[in-house]
Amino acid sequence: METPRTRYLGLMRIVSIVPVTCMLLFASLNWRLVLDYVCMDREALFIVRRWTLPAPAPTPFSTKTRYDAALPFEPQSLDDLRSLPQCKLVQMNALLRHGTRYPMAPEFAKMQDVLVWLQSTFHDDVPGWLQAYNFSYDAHAAEGLAPAGIHELTGLGQRAGRLADLVGLSRDYTPERYVIEHTHVARTKASAIAFANAYFTNASSVAYVVKPAGEDIELRFFDNCPRYLRDVRNNKTAMTIETKRFEASARAQELLTELHRSLQLPPTAPLSFSELKTIYDACSYEVALFHDRRTWCRLFSAKALGLLDFHADLKKYYECGTGYAIDYAIAAPLLAHMLRTMEAAASNPSSGVVGYFRFAHAETLLPLVCLLGLCTDTKLRAAFDDDEIAQRVFRVAAISPFGGNVAFHLFACGGEHRVQLLLNERLVRLPSCGEKGYCTLPELRTIYATALTFNFTEHCRV
């Protein structure tokens, strides 16, 4: 006989079953939305499961890409020599680009000018957010390391420190065991300090190494090679030959038409590619500095952002990629110094340098990576079709984002010293060392013999 109590219990059973049924139905239809987050080292495996939507693919912004949005350089995975019991890591030898910075002074001046022009001339036409927009930083911040950059370098220092702990390297700074070097530019020093504060147990004791402006041919070779300055850096025709072709193309006109429409400008309102580039720069800095895509970046489609990333890469390819041989050849003193410091550590493992960390610029990192043989493209051209753009090897966002880094890890493996290369903390294959995923020190000396004998003064003479 049914009573009020039995009716109540029956209703509660139905109520309790419905959410479970809905959850199971959702899971059966949307199982791809379940992501496993795995953090693994030799001693522990942590797995955390949660319901989430897939994260959007990171948007590359050439040299203005955030470190956490850096694109993988190559898809293949390599075996870390740390997994071999006979191999011991004896030195980390790295070059790191400074972290996210504020715009350079000329960039910020252009951004401010375009903002004033849009607000004063087309105030009632442009989107509402733009009518009241102001940059949240001013010209005094120009070129300096931003909080986002400090965060990037702190993270790099923390992860390097965890690796040191894992392999038994002391994190106590002594000048005999560690070298921390930066250029004369303030943002590289601030980056070095952020890294050191996270890495060392006694960071206040660090003695930072810096060469005077005009004498640093290892970290600022691009400033100190007269021939390079004459033929490339100060030769606007040589450096921008393909970017100018891009800007004169039908593809560029389509980008201008799209932006004109997004800005809601009157049909007769002028809009140049220079102004488009400035608005793109404002977008890239909003993302790099604040993770904010709600303002300037709303004006561009995903395809437009990809094309403008390629446009920026065209300039860097001819400025400090493999566009001209001298672009990367002048990184030879830096590579030679890295090889010599590894050889010194190999010959004196008990008291040699275990960590050599250099802090510099995109214009330092890109030529070094190309000199190592990783920039294997045919020449980048403005006329590339969409597939060629998507498949290019020279992607600055994969090589030198803010905080980008390249590191040699030197291992003692029995009676042999082996070296693995990491680009942005991911193992990459050195193209001249076959399929084994590492090179021996003698192999590196042979492969890069030209760099070891490169006469910087002679090659840079005009």
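Just so it is clear, glycine is given a Cβ too, placed from its N, Cα and C backbone atoms.
Candidates considered were Cys22, Cys39, Cys87; TrEMBL assigns the disulfide partner of Cys413 as Cys87.
The transmembrane segment annotation in TrEMBL falls on one of the ranges 12-31, 192-211, namely 12-31.
For Cys439 (disulfide bond) paired with Cys283 (disulfide bond), the C-alpha to C-alpha distance reads 41 Å. With a cut-off of 8 Å between CB atoms and residues at least 6 apart in sequence, the same chain places Leu81, Leu84, Gln86, Cys87, Lys88 near Cys413 (disulfide bond), listed in sequence order. If you take the Cα of Cys283 (disulfide bond) and the Cα of Cys433 (disulfide bond), they are about 41 angstrom apart, rounded to a whole number. Reduced to three states, the DSSP call for Cys87 (disulfide bond) is strand. Taking the Cβ of Cys433 (disulfide bond) as reference, residues of its chain lying under 8 Å away and at least six apart in sequence are, in sequence order, Cys439, Glu443, Ile447.
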